[in-house]
Amino acid sequence: MFSSISRGFAKSETGDTFSFSFKSSWLLSLLVLWGPPLTTAKSAADYYVRSLPGAPDGPLLKMHAGHIEVDPQNNGNLFFWHYQNRHIANRQRTVIWLNGGPGCSSMDGALMEVGPYRLKDNLTLEYNEGSWDEFANLLFVDQPVGTGFSYVNTDSYLHELDEMSAHFIIFLDKFFELFPEYEGDDIYLAGESYAGQHIPYIAKAILDRNKNAVSPWNLRGLLIGNGWISPADQYPSYLTFAYEEGLIKEDSRTAKSLEVLQSVCQSKLETGGKDRIHIGDCETVLQELLSKTLDSDNKCYNMYDIRLRDTVPSCGMNWPQDLKDVKPYLRRADVVKALNINPEKKSGWEECSGAVSSSFLPQKSVPAVQLLPSLLESGISVLLFSGDKDLICNHVGTEQLINNMKWGGGVGFETSPGVWAPRHDWTFEGEPAGIYQHARNLTYVLLYNSSHMAPYDLPRQTRDMLDRFMKVDIASIGGSPADSRIDGEKLPQTSVGGHPNSTAAEEQEKERMKQAEWKAYAKSGEAVLVVVIIGVSVWGFFIWRSRQRHRRYQGLYHEDVSGASVLERFHNKRSGQDVEAGDFDESELDDLHSPDMAREHYTVGEDSDEDDVNRQHQRTTINPS
């Protein structure tokens with residue numbers, strides 16, 4: 001941006017060097033002083049997604065994407081994709097979604113589960129009617145470094161959960177510097193699978209940060225689906241689940257051979273293994289279970305959805321079927337450009353990184369289940385949900401985790417000594433949906449007919465689950481509420497689908513954005529531009545007045561028309577551009593899109609960042625997710 005401005009002052013229109021007066025030298029000094037921030041510091045506009053190839057017809061959803069540096073020494077950058085909420089309920093909320101692995105991209109969640117779009121094919125996006133961005137801002141992050149679109153030097157992959165959470169706090173600090181309007185939101189950390197380790201560690205790191213923070217973050221809840229949270233409870237569950245689901249017959253030869261392996265695993269757990277996150281002898285149980293249950297076509301069970309079969313040795317790694325479209329879509333050059341991927345990211349997008357996974361084998365970190373009691377006791381609400389057809393992180397293990405955990409003066413779902421909270425039948429739109437159970441800040445939901453990636457199978461039901469957990473109040477919004485019932489009784493209204501905002505909600509949002517406006521200006525460097533423009537204006541006015549005053553004194557002041565041309569060229573250079581766009585020239589904007597991209601949809605004027613300001617004064621084996 002500075003180079004664009006300073007070029008306007010270098011020459012007159014005829015090419016002659018412009019001779020600065022004392023006043024113009026003062027202005028140039030001001031520009032030089034402020035130059036480095038203008039050229040190096042990114043603003044929110046640098047992350048703005050102006051178009052998205054294959055998007056449905058109509059205005060594009062408001063979104064930002066790109067990299068935030070978390071480890072300068074090792075070139076560590078985390079990629080994020082953020083969607084602004086489509087409707088405003090009673091409170092402003094942000095849901096941060098993480099997939100597992102470790103080393104599997106949260107683009108799984110964005111394009112196959114809870115994001116606003118799903119792929120119809122590798123060229124075309126369609127709306128996800130159960131998207132989680134309806135009443136919450138939605139933030140997907142590829143982490144740890146090296147995952148998905150994120151990157152780091154190849155000798156600097158992470159090993160421990162504390163390292164991961166430290167990076168994440170740095171990421172959030174910088175994210176909120178760029179987007180201060182979201183810093184006061186209620187924050188919910190959500191994800192699945194190995195994110196069952198990541199999420200509690202990040203939550204603890206946030207609470208630790210808040211102790212000394214000038215602006216504490218409003219962490220309200222955690223949502224973990226089919227989570228790898230307690231290996232000591234999950235490893236022994238494989239055989240139990242296989243028996244219950246009829247994958248293996250008890251007392252069969254196969255069962256007996258697997259029980260021998262299970263006893264070795266149990267011995268490891270009882271001799272220090274309960275404080276470990278990965279135990280090789282226990283991993284063997286699942287591997288052998290899959291290899292000993294091949295069908296007549298020599299296909300194994302899909303470990304993420306036992307209703308399906310897959311080729312050996314994948315056994316689920318080729319699932320879900322949408323994955324065949326996600327990878328080529330995210331490797332398209334126009335998509336990479338639209339999502340503001342840094343040139344330093346040399347390799348194309350991969351769902352799961354083997355290098356990250358093989359490096360992230362914590363030796364010092366304790367299982368995240370040991371962090372849950374203190375989080376619950378601190379007032380953080382926790383929702384554990386399980387798709388009932390998942391094998392690898394099955395619901396039997398999750399239920400055993402809850403039964404064994406002590407917090408808040410009780411064990412498991414005790415409501416009083418020896419008395420447990422009842423299980424409630426949940427129906428959604430007239431069909432059995434699952435089971436709800438709750439006690440002392442912990443909620444458990446078993447989702448019928450769903451896999452390791454429950455939102456993939458049941459987008460509307462899981463959205464309803466989210467809204468209830470966040471206590472979304474849609475009274476002021478309207479629309480047709482979903483028919484969701486517990487034990488036959490209709491629950492407080494939630495809605496799934498598009499609905500207009502209420503006037504009151506819009507006014508509340510405008511006021512919130514107005515309060516954040518100057519903070520956003522100051523952090524993005526726009527205030528600097530305002531100062532420069534004011535300086536130019538004052539200087540120009542002073543010169544004009546002086547010339548008018550002394551015009552009658554012939555020869556005393558020689559009128560140099562180049563001064564006027566500077567201001568004119570400056571105005572012409574900047575007009576028609578986003579005020580936050582730096583030196584992003586309009587011709588460069590045209591270069592973003594190739595001529596054959598006629599089906600892409602661009603945001604209309606009122607959806608740009610600049611107009612918001614004007615308008616609002618506004619996948620180890622745990623992978624693939």
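Along the chain as shown, the residues are counted starting at 1.
Any Cβ shown, glycine's included, is placed from N, Cα and C.
Per Swiss-Prot, the features are as follows:
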type	residues	note
ACT_SITE	SER193	active site
ACT_SITE	ASP390	active site
ACT_SITE	HIS452	active site
COMPBIAS	492-505	compositional bias 'Polar residues'
COMPBIAS	580-589	compositional bias 'Acidic residues'
COMPBIAS	590-604	compositional bias 'Basic and acidic residues'
CARBOHYD	ASN122	N-linked glycosylation site
CARBOHYD	ASN441	N-linked glycosylation site
CARBOHYD	ASN449	N-linked glycosylation site
CARBOHYD	ASN501	N-linked glycosylation site
REGION	480-511	region 'Disordered'
REGION	574-625	region 'Disordered'
TOPO_DOM	42-523	topological domain 'Lumenal'
TOPO_DOM	545-625	topological domain 'Cytoplasmic'
TRANSMEM	524-544	transmembrane segment
Neighbour tally for ASP390 (active site), based on other Cβ positions within 10 Å of its Cβ:
28
Let me know how many other Cβ atoms fall within 10 Å of the Cβ of HIS452 (active site).
30
Please tell me which one of the recorded positions listed here (SER193, ASP390, ASN441) sits closest to HIS452 (active site), measuring Cα to Cα?
ASP390
Of the recorded positions listed here (ASN122, ASP390, ASN441, ASN449), which is spatially closest to SER193 (active site) when Cα positions are compared?
ASP390
Do me a favour and check the Cα-Cα span between ASN441 (N-linked glycosylation site) and ASP390 (active site); whole Å is fine.
25
Other Cβ atoms within 10 Å is the metric here; tell me which of the recorded positions SER193, ASN449 scores highest.
SER193
For ASP390 (active site) and ASN449 (N-linked glycosylation site), what Cα-Cα distance in Å is obtained after rounding to a whole number?
10
Let me check the 10 A CB neighbour count of ASN122 (N-linked glycosylation site). How many other CB atoms are there?
16
